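Novice: Annotation source Swiss-Prot lists Mg(2+) binding site at D8, E57, citing sequence analysis.
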Amino acid sequence: MIIGIGTDLANIERIERTLERFGDRFRHRVFTEREQRKADSRQQTAATYAKRWAAKEACSKALGTGLRMGISWRDMAVQNLETGQPTMYVTGWAAERLKQLTPEGHEAVIHVSLTDDHPWAQAYVVISAIPLEAAARSA
């Protein structure tokens, strides 16, 4: 069952200007160390940061809060599986909110899709809840 959907569109050039203006202050406030390493190792650094920015915005919308109720940027982290598929990990208040949304006897799964086409980066997040029995069978 779907328990949350969020989408966001970010301007890559705006993120690039923000990186130039605020540098590490911006990076450290919004992105985890792992996200920073990933983006800084890419040729299209600003596009990588913009996609992750959009993913965090989309996730906060899927959680039904936006960036309120104590949820901070670094409570949501985009990571990639070995296949390259993006995933979202939540901690802190974002994890608490996810727990509140997840029905008893279910496990939450966060699905993430990222894309960019200069000057835009887009993210789409769907949070679903699957019964624990189904989760155990698919593991």
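Even glycines carry a Cβ here, placed using N, Cα and C.
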Novice: I want to verify one value. Collapsing DSSP to three states, which class is D8 (Mg(2+) binding site)?
Specialist: strand
Novice: Inside 10 Å of the Cβ of E57 (Mg(2+) binding site), count up the other Cβ atoms and send me the figure.
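Specialist: E57 (Mg(2+) binding site): 21 neighbouring Cβ atoms within 10 Å.
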Novice: When you measure from the Cβ of D8 (Mg(2+) binding site), which residues in the chain that are at least 6 apart have a Cβ under 8 Å away?
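Specialist: The list for D8 (Mg(2+) binding site) reads W53, A54, A55, E57, A58, K61, Q122, A123, given in order along the sequence.
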